[in-house]
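Below is one structure; the comments refer to it alone.
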């Protein structure tokens, strides 16, 4: 028997007091470290290697900035906000993450999935407040001036302006609360919450949300005016409205959308095929936006063909404003999934880049960084942000070395905000919708991976399908919740009904495996070896016993009851003085028959190598089978128990009070237990 080490008892009170003293102490060195931990830029920027890093950072920053501008304008459609707010979001997120982020390569800014979640909350609150969800300004508002002074047009214009102000108020309140949640999660070190978002849940959630995004953009593609659907089943309702209104499709928008999608998809496919030859990705989105804006402006597509355009985009910065507290209370619940999704995507991408380029990140600091990327910009009319996979991959492929590239990108966005934004007045919304839809290629391609995913793991595929379906058909927030709950239920079910097996000996070895899965396995005479491949706890206790009784072909409780029944009958016949029993057999023959023929073993070895822990019910279950089999003169031996299981058995009194019989009940290998059982008389 191996001897356990004696661990010194830890005085938890003293440890806690020592940590408190260390935490509450205030020294210049500690203050310096706290400041550098809170602003990691103070650590790495003084060590910046200009000759090695500067050109890569400038190149990647310019490329990302060029990509950010059209995407920011396009994703404003998803958020239900004006394009200028998307530009604000992209600018402030890059600056703040440069100061606080620990990842060198991740690109933080506007993200389609986060924009969709913000847009759904904005639309719901606008509808509840009585505002019209129509994207277009009233007919009287053309080129920034009122053409009709009638009271009705003035009222419609005022309602539109009020609705837009209310919309950004909702978005900033939602963003502020989400940022507060993320900072609080960082303070209380609740990053473990992200562990419950498995890869299957995240992929399914992203794919389902992509279907919702695609559906929301179809009306812009074909130029029809339908109300933005709200609530559960938005995807189905939107498609019904689309098919009902197809006859009213705008031919100009349909032609423009077709050309833009063909150009964008062709450029993307060529870029993917020849990416090893290209030093940086083609700025296709920017070229499409510039050409489409020029064609729309000089062709007067809005005036002649009634094609919907982006409208006036102001320049400069709007004065900062504190988010409304009353609105925060309305969106406090909606901000929680937004905060979790934003954090999870940012941390997962940061860890991916850190692993690829051999450095470390601090997940807790990433939570602070993303939190402040939401809190501070919310005062400057910005909405929620997150790391984006596509832009992060572009960033790494164009030579990015540090977050200095983020500052360069922010400068490009600033240039557009200050000088170039009004030039996009005539840009058609269908062009923006094309950019959004083509950007969903990666998420929609997940459907092609379903057969391979199913081949690898059927349960994970089921989690993906359920999460994707719930996110698309119900709503994104409920879809995420359904995915998390369903994946946890799958784990519970798998531990409730795990694999069980009887083991046999591999010929000419001291190893044992499942005799139903492998050839050349020989059974051990008079010994049964039972394996249970899960923790033994209250939820799977009954399954453990049923599997054990089924595989060994013996239920000790039924056998004990049968024996008592025979003994009772024998006593009755003996009192009557009859030499024969009810079976017509003599007393000695009946005594022999009390031992059932199906009991072909005298020892039961339980392989505990897959039992990671025992709760009170699990310990009592093992004590129960020990007693029941002992009544039938069958010994129960435990093999391959880990220290946690052994401690649980000791505390539960499985080995008795003095632990004297422990050496005859517990073995460190199956082979030792089998040899002990063979040596028993």
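Glycine residues also receive a Cβ, built from the backbone N, Cα and C atoms like all the rest.
Note: TrEMBL annotation is automatic and uncurated.
Note that this is a predicted model, so its numbers are computed, not measured.
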Range among 23-46, 95-118 that TrEMBL annotates as transmembrane segment: 95-118
264-284, 285-305, 306-326, 327-347 - the range that TrEMBL marks as transmembrane segment: 327-347
Among ranges 434-463, 464-493, 494-523, whichever one TrEMBL labels transmembrane segment: 464-493
Given ranges 128-146, 185-203, 204-222, the stretch to which TrEMBL attaches the annotation transmembrane segment: 204-222
From 3-21, 231-249, 402-420, the residue range that TrEMBL assigns the feature transmembrane segment: 402-420
Cβ pairs under 8 Å between the transmembrane segment (327-347) and the transmembrane segment (402-420), at least three: no
Intrachain residues whose Cβ lies under 8 Å of the transmembrane segment (368-390), provided they are six or more past its termini: 38, 79, 81, 84-86, 88-89, 92-93, 96-97, 100-102, 106-115, 117-118, 168, 171-176, 178-183, 185-186, 317-318, 320-323, 338-339, 341-343, 345-346, 349-350, 439, 442
